[in-house]
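Asker: Questions regarding the structure given below will be posed in turn.
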Amino acid sequence: MERNSGPEAGPEAELEEGEPEVKKRKLMCVEFASVASCDAAVAQCYLAENDWEMERALNSYFEPAVEESASESRPESLSEPGSCVDLTKEETNDSISSKTSTSEDKSVQQEDGSVFSFITWNIDGLDMNNLLERARGVCSYLTLYSPDVIFLQEVIPPYYAYLKKKASSYKIITGREEGYFTAIMLKKSRVKFKSQEIIPFPNTQMMRNLLCVHVSVSGNELCLMTSHLESTRGHAKERMNQFKMVLEKMQEAPGSATVIFAGDTNLRDQEVTKCGGLPNNILDVWEFLGKPKHCQYTWDTQMNSNLGIAANCKLRFDRIFFRAAAEGGHIIPQSLDLLGLEKLDCGRFPSDHWGLLCTLDVIL
């Protein structure tokens, strides 16, 4: 998303620490956390989403993980208060149920190791409006497609706490702990975690960095990377410098590893050209797959009304870069699709960005 800077504190950062309202809300967070047996970040998320009405927020917390209004066709199933819900087993709403059979087919393929899938998505955690419903919307897609890896950008602490509760089947690695940050989620049953590394961007003005995670999948060594490169047209120079650092780190990864970068690059095509394009051994997955029109634009203010921008902007901010292992092409990109194209009950989309679902064949 095009932002000039990120908050150094939570959604109430505009209030001074000494104001009575701030103290009152802090006490409410403590009370909520005590009743719900959750941490303060989760308490703040639920209270803020429910206009700081304690009873309403608690009711929201203890309701089914998927809203009843969006799942009338299935039997009601309440989870125990404070219990951890496995994201991969959580039922989803009717608005995307038509895709379930496809998801089931993919799950079977994933079990035999022949397919590797991931999602990359800027989830716009900095937009506090309808945050909880939008988080549920994102999670419904994660549940439906059950990807092996998830790359996220613009995560905030309450959203991270929500994901930890809902996605117990994933290991979550974050790029930082405060403000807003990136995250990589690894399906524990499929992806073996080895190590992680955070590479700072020395001249960023927006708390940006490069998150790298080394893993293995079906005997294949992978280096996974994500970032949220500097935003807005006015910061193009810094963004291009960060992009060059990403390419350098992809080149430096061990030759035995397949390298995948997926994230919100904020790049314009002419900026890639100014940087000299991509190295010969690194490809842009969208271009490699023939530049499919249906998933070209991931930030589209004509189709996506979340920001309320009058101008029609269509940009391919979210990109996937791929470097095959030197020993041979054991993992090959196969398809790319957009996610999050349907409005939620609140009348908004899960994010101002569309998500990207990428599937790759694994040659066993």
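Cβ from N, Cα, C; glycine included.
From Swiss-Prot, for reference:
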REGION    1-21  region 'Disordered'
CROSSLNK  LYS23  SUMO2 cross-link
REGION    68-108  region 'Disordered'
MOD_RES   THR88  phosphothreonine
MOD_RES   THR92  phosphothreonine
BINDING   ASP124, GLU154  Mg(2+) binding site
SITE      TYR180  site 'Interaction with 5' end of substrate DNA'
ACT_SITE  ASP264  active site, proton donor/acceptor
SITE      TRP299  site 'Interaction with 5' end of substrate DNA'
SITE      PHE317  site 'Interaction with 5' end of substrate DNA'
SITE      HIS353  site 'Interaction with 5' end of substrate DNA'
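Thinking about packing and proximity, how do these listed features fit into the structure?
Answerer: According to DSSP, LYS23 (SUMO2 cross-link) is assigned to a helical segment.
Following the DSSP three-state reduction, the secondary structure of GLU154 (Mg(2+) binding site) is strand.
In the three-state DSSP scheme, TYR180 (site 'Interaction with 5' end of substrate DNA') is classed as coil.
Secondary structure at ASP264 (active site, proton donor/acceptor), taken from DSSP and collapsed to helix, strand or coil, is strand. Of all the Cβ atoms in the protein chains shown, 28 others lie within 10 Å of the Cβ of ASP264 (active site, proton donor/acceptor).
When secondary structure is read from DSSP and collapsed to three states, TRP299 (site 'Interaction with 5' end of substrate DNA') falls in the strand class.
The C-beta environment of PHE317 (site 'Interaction with 5' end of substrate DNA'), restricted to residues of the same chain at least 6 apart in sequence and closer than 8 Å, consists of ASN122, ASP264, THR265, ASN266, LEU267, THR298, TRP299, HIS353. Secondary structure from DSSP puts PHE317 (site 'Interaction with 5' end of substrate DNA') in coil.
DSSP gives HIS353 (site 'Interaction with 5' end of substrate DNA') a coil state; it is part of no helix or strand.
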Asker: Identify, among the recorded positions LYS23, HIS353, the residue whose Cβ has the fewest other Cβ atoms within 10 Å in this structure.
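Answerer: Checked LYS23, HIS353; of these recorded positions, fewest Cβ neighbours within 10 Å: LYS23.
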Asker: In whole Å, how far does the CA atom of GLU154 (Mg(2+) binding site) lie from that of TYR180 (site 'Interaction with 5' end of substrate DNA')?
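Answerer: Roughly 5 Å, rounded to the nearest whole number.
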Asker: Would you mind pulling the DSSP three-state label for ASP124 (Mg(2+) binding site)?
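Answerer: Where ASP124 (Mg(2+) binding site) sits, the three-state DSSP reduction gives coil.
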Asker: By a 10 A CB contact count over all chains shown, which of the recorded sites listed here is most packed: TYR180, TRP299?
Answerer: TYR180
